[in-house]
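K.L.:
I have a structure I would like to understand better, so I am pasting it below and will then ask my questions one at a time.
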Ligand code: HSE
């Protein structure tokens, strides 16, 4: 059988990685896919990259500057979109679909924001949009959630799905440094981008979490409903106190099924230091899935980089190639559930989320302070799990008071916090972090 013909848009890190993996492992890939997978056309706006590519492959494969020519090329079966961002990626993907081509993309932002439109267009045209590389790079978590765990009712997912922030948190904890210092170092080493906003503010993780949540619970992708909180205001002091109490702080993406809806939230989270996921260090990613039949499973690996991400792109190419001639209704649905079996379960407001808390209060060191604070918690039916008070230095008139609570509803905690903050003996804004046992 003739090879399937791929049009590659974008010759950046992942595009080049995809080219190399396809070339190096072509015999195995052909054996698995049932036919060859051949890059037939490349679109790259960056002239230097295009020239470097031509130097390797010669003139046999056309390299165009305008991707519109690629998505309109009738000889292309699958378009691989690796340029990222919303436009022109969205228009190119929709055009490729309209032209009856399958699409493989690593673009989490595009699918988290415009997934409903793109998947609907693909269904109408009977083509596939595959996106394994969009979540946790080389970890086959989309495959696991959509196919491997298909027997299960998924209860929750918690993931370290941004390598940049995990690297920064590992360095802050390991070296006792503050956020700004470590961010600069991460930028120098190439772990963080010159504009690191999407990573450090949790946006990248929330894009990925939104996709996992949709697949796990059969709901539409709803990035606008996600709670997004990053690590830029996290203080080294809190990492240290958490450690004293037996916890590590990780930027987690958490999505959980509740009776009244679905939690969808990214924020720094205390987790017991003994959990496997608490020990995922540096730029690595990991995802824990809790499901009713299998129990807990953990997926670990590289969440970024040329070949780890290419591994996921090529896996999608093989999947699409295998199913290219199949009846579209017999392919694996984009979001795991058949379109008519999707659910309208709402995404919960943060005030409705159930979680435990870490609170750090700077308080006057005088009689009755602790009792007033614990009274407010008791009045809000919030149960204390642990308390730690820093021993004051000689002559010091204030101290840090750390409180860990049991699970409560976030709205109730916010009401209690407002009361505590109003006490004259609470001397600074209270630090509130969430804590999950992941049991
Ligand atoms: N910037 C991401 C990370 C990788 O740091 O994990 C691509 O999503």
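Placement of Cβ uses the backbone N, Cα and C atoms for every residue, glycine included.
Keep in mind it's a predicted model, so treat the numbers as computed, not measured.
Feature annotation from TrEMBL assigns active site, proton donor to 208. What TrEMBL lists as NADP(+) binding site is 9, 10, 11, 12, 13, 14, 15, 16. Summarising the annotation, TrEMBL assigns NADPH binding site to 108. Feature annotation from TrEMBL assigns L-homoserine binding site to 193. According to TrEMBL, the domain 'ACT' annotation covers 358-434.
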K.L.:
Mind tallying the domain 'ACT' (358-434) by DSSP state, helix then strand then coil?
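P.N.:
Going by DSSP assignments, the domain 'ACT' (358-434) contains 23 helix, 28 strand, 26 coil.
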K.L.:
When you rank 108, 193, 208 by Cα distance to residue 13 (NADP(+) binding site), which of the recorded positions ends up on top as the closest?
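P.N.:
Minimum Cα distance from residue 13 (NADP(+) binding site) across 108, 193, 208 lands on 193.
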K.L.:
Give the sequence-ordered list of residues that share a chain with residue 14 (NADP(+) binding site), lie 6 or more positions from it, and have CB atoms under 8 Å from its CB.
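P.N.:
Within the chain, residue 14 (NADP(+) binding site) has Cβ neighbours under 8 Å at 82, 106, 133, 306, 309, 310, 313.
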K.L.:
In whole Å, note down how far the CA of the residue listed as 'active site, proton donor' lies from the CA of residue 108 (NADPH binding site).
P.N.:
6
K.L.:
Excluding 9, 10, 11, 12, 13, 14, 15, 16 themselves, which residues in that chain have a Cβ inside 8 Å of the centre of the Cβ atoms defining the NADP(+) site?
P.N.:
8, 17, 18, 44, 49, 82, 83
K.L.:
In three-state terms from DSSP, label residue 15 (NADP(+) binding site) for me.
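P.N.:
In the DSSP reduction, residue 15 (NADP(+) binding site) maps to helix.
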K.L.:
Could you state the CA-to-CA distance between residue 193 (L-homoserine binding site) and residue 15 (NADP(+) binding site) to the nearest Å?
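P.N.:
Residue 193 (L-homoserine binding site) to residue 15 (NADP(+) binding site), Cα-Cα distance: 18 Å.
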K.L.:
Where does residue 208 (active site, proton donor) sit in DSSP terms: helix, strand, or coil?
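P.N.:
DSSP call for residue 208 (active site, proton donor): helix.
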K.L.:
Near residue 16 (NADP(+) binding site), which residues of its own chain have a C-beta under 8 A away, given they sit six or more steps off in sequence?
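P.N.:
Those within reach of residue 16 (NADP(+) binding site), by Cβ under 8 Å and sequence separation of 6 or more, are 49, 53, 306.
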